[in-house]
Amino acid sequence: MHQPLAQPATVTPKTTHHLTLVQEGVFPVTRNHRGDLLEQCPNTGWHHAGTIQGEGKLAGVPSLFIRLAGCNLRCMWQMPNGEVSLCDTAYASFHTGQTRRMTVDEVLNTVRHNIGSMRHVVITGGEPMLQSRSLTELCRILKTELHLHITMETNGTLFDKELAPLIDLVSLSPKLQNATPTPASAQKMNMDYKGTFAYHAEIRKNTEAIQQWMNNCRVFDNDFQLKFVVAHPDEVDEIKTDFLNELTGWQPSDILLMPLGGNRDQLAVNTPIAVQLAVINGWRFAPRLHIDLWGNRAGV
Ligand SMILES: Nc1nc2[nH]cc(C(=O)O)c2c(=O)[nH]1
Ligand code: SF4
Ligand SMILES: [Mg+2]
């Protein structure tokens with residue numbers, strides 16, 4: 001059962017902004033923003049808060065996650081075997097029926113009551129940059145008062161110069177052509193191809209915004225990673241031509257290949273492909289440890 005440990009005091013409001021999160025909001029947690037113990041244990045199945053970062057340069061590092069709702073893209077991948085793989089967090093990006101509005105103070109207090117010995121928070125989505133003004137207020141306090149390391153996962157289509165200095169590791173995950181819905185893939189998922197899907201191809205690539213993030217990292221001594229989802233060897237040509245050749249100031253160790261797949265079966269197919277392509281090009285392979293551990297469960 002939960003240990004009756006002394007809890008940090010809930011801090012009185014100092015902030016003014018709100019954030020729109022998914023239902024689980026800050027995860028995995030055992031206490032709410034007031035410090036009360038929750039009845040249910042987190043989706044990890046553990047009786048304590050926290051998980052490990054499953055992806056990227058900091059894979060394996062104990063972390064708390066903050067998942068914001070809404071995304072400016074609607075990704076859908078056609079696997080080489082014809083299967084369609086939807087965004088692994090579609091409930092956060094475009095099936096956002098159940099969201100949760102919290103004040104920045106409520107988010108901060110939830111972090112305070114659950115952070116324990118962890119030193120890392122990961123802000124993810126959906127696309128967190130759609131709420132960059134509120135995020136700036138949140139991150140300023142996460143850094144100045146809680147002294148936490150902040151990773152932000154973003155699709156790299158948007159930049160914000162106020163927020164950038166506050167992000168210790170910006171995890172840029174630009175989307176390749178393979179992520180754009182097609183009439184056939186949308187139909188397979190019983191979704192309407194029209195409307196926002198049509199914008200995917202237009203807005204998914206913004207190398208100016210990516211370069212601004214990378215330049216800011218150099219100025220403020222922060223780090224970045226360029227994380228590409230792959231399922232097919234041809235995608236490496238596109239990564240080089242459309243992204244790496246247009247960008248300056250990266251090293252091979254900043255380029256990560258992550259296998260396409262939101263569940264264990266899809267990952268099992270695409271992991272050997274991503275590993276081989278990483279080895280051939282001198283880049284890194286990025287696992288998805290949370291999917292290995294918990295499958296496609298949310299809030300882990
Ligand atoms: N443990 C864990 N690691 C993660 N790394 C990136 C995640 C994401 O969904 O953005 C994620 C996630 O949802 N859980
Ligand atoms: S950009 Fe990321 S969060 Fe948004 S739809 Fe694509 S995979 Fe999902
Ligand atoms: Mg993700």
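Along the chain as shown, residues are numbered 1 onward.
Keep in mind that glycine also has a Cβ here, set from the backbone N, Cα and C atoms.
Any TrEMBL annotation is an automated prediction that lacks curation.
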Looking at TrEMBL, which one out of Thr110, Thr124, Thr136, Thr144 binds substrate in the same site as Ile52, Gln53, Gly54, Arg67? Thr124
Rounded to the nearest angstrom, how far is the Cα of Ser173 (S-adenosyl-L-methionine binding site) from the Cα of Cys71 ([4Fe-4S] cluster binding site)? 13
Would you pick out, from the binding-site residues Gly54, Gly126, Pro174, the residue whose Cβ has the largest number of other Cβ atoms within 10 Å? Gly126
What binding-site residues in Gly54, Ser173, Pro174 place CB under 6 Å from ligand 1? Gly54
Pull out the binding-site residues from the set Ile52, Gln53, Gly54, Thr89 whose C-alpha sits within 10 Å of the C-alpha of Gly126 (S-adenosyl-L-methionine binding site). Thr89
Report, in whole Å, the straight Cα-to-Cα distance of Gly54 (substrate binding site) from Thr89 (Mg(2+) binding site). 14
